[in-house]
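> Sharing a structure below in structure tokens format, with a few things to ask.
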């Protein structure tokens, strides 16, 4: 976007956010008087209103320059939702709703009436949503004020954050790094304080990557727990690896508040396909000791030194707090990643994705990733055979990119996913686990590297295939010792991807690290409770 439009957009962001705070204070004052009370009380109330609005105006002037500077660096917003100003005018009429008066950012692909949901694809421009998505409607009913849409990578099947329409979003702490994706605009905006609470989507880690890279919290609920009606996607209809809608924020309590607010009767009425299960606050607030499974390495992508260190630190904190932590191994991980996740997401051989990009300029963050998709299936098969002795992971990936080949093949693939879910749950039950602690990809990659390293999604996408709720919680920052240890990193396979991974995560001293918390399907509250436990133990340890 040009500089003028960017300045207008960011000015509006500052005005809106500050005005929301000012008007929130105003509502508290105005509600104290009744129209039947004396004229003097009315005069005093109006005077208090003038004072609060003057304070808001001064706050805007004070912080406008800083806000413009931050957003000019990061390019994390795709548009201000101007209708939110109308919502601000009426915010004092009712104080109902758990999110009353809270400005909330939403990912670009979440429908808001009158605005495009392009998924970063040029062909979807100038097709404004006719109505709000169910989630936006429920957020408004709960008093929240959706005020901005945030940036995403082209197609959203990528964990960088650039597209030909809105450009590249940068990492809040290092412009050479990516904030992650595909909810990268959310991660960058929330990490810098530009939004208190955001809403993203996740099909392979798209909430958890930005949370990890930017040092905030992100939660992927069980798919189907929240409504996906009005959420745009270029791969709608793909059912092997499920997408979820979920929150991002700077603390776990805010994630839980979001879930508590939207899991309401209004949501269940608007979308009867969502199970009418309100948020269970008792489970979230429970303090009983947990039996926690953990692993340091998924046996597919060797983690970075800071990933392992963060996990070990959290494991030790959990054990000292009285929880039981036991080893756990995901069954047949390489099979699951190639035959179930990659072959599931691209069951059509990538045809749908490529069709959506026809006639569109290709963003650099995506180009290296999709180059193999263009190859005819016989060529993919031949290259897979030739590469197998030299580059086994690359060969297996090429073979999976051929897709399932037929409708019977798709049904068989769906059945295999179901079998794997039950196999994993059986192993979980055998170990008598409540929850699972595992590595979270990080630290932040250099820009343009995610498209070259789809292999590194192994730590997150597996839980989309399993449909287990999962969340990322910040732990620490990369140390000089982590960077020194990284110099000796060779990887599990010592192949081309391992060398790229080392390059991608290097130069990250001072950037955030995280761990991932996982629970069984529909145990979202337990997953959040575990995330909060980790968060609190980490904070106490810092003190």
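Cβ atoms are placed via backbone N, Cα and C, with glycine included.
If you look up TrEMBL, you'll see 9-30 marked as transmembrane segment. According to TrEMBL, the feature domain 'Amidase' maps to 59-528. The active site, charge relay system annotation in TrEMBL covers 107, 182. Residues or ranges marked as substrate binding site by TrEMBL: 156, 182, 203, 204, 205, 206. Marked as active site, acyl-ester intermediate by TrEMBL: 206.
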> Looking only at 204, 205, which of these binding-site residues has the biggest number of Cβ atoms within 10 Å around its Cβ?
205
> Let me know the largest Cα to Cα distance in Å among the substrate-binding residues 156, 182, 203, 204, 205, 206, as an integer.
11
> Could you please provide the mean pLDDT value for the domain 'Amidase' (59-528)?
94
> Around residue 107 (active site, charge relay system), which of the listed binding-site residues (156, 182, 203) come within 10 Å, judging by Cα atoms?
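Correct set: 182.
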> Quick one: which residues besides 156, 182, 203, 204, 205, 206 have a Cβ within 8 Å of the substrate site's Cβ centroid, in sequence order?
157, 158, 159, 181, 183, 201, 202, 207, 209, 243
> How many other Cβ atoms sit within 10 Å of the Cβ of residue 156 (substrate binding site)?
29
> Over all shown protein chains, what is the count of other CB atoms within 10 A of the CB belonging to residue 203 (substrate binding site)?
23
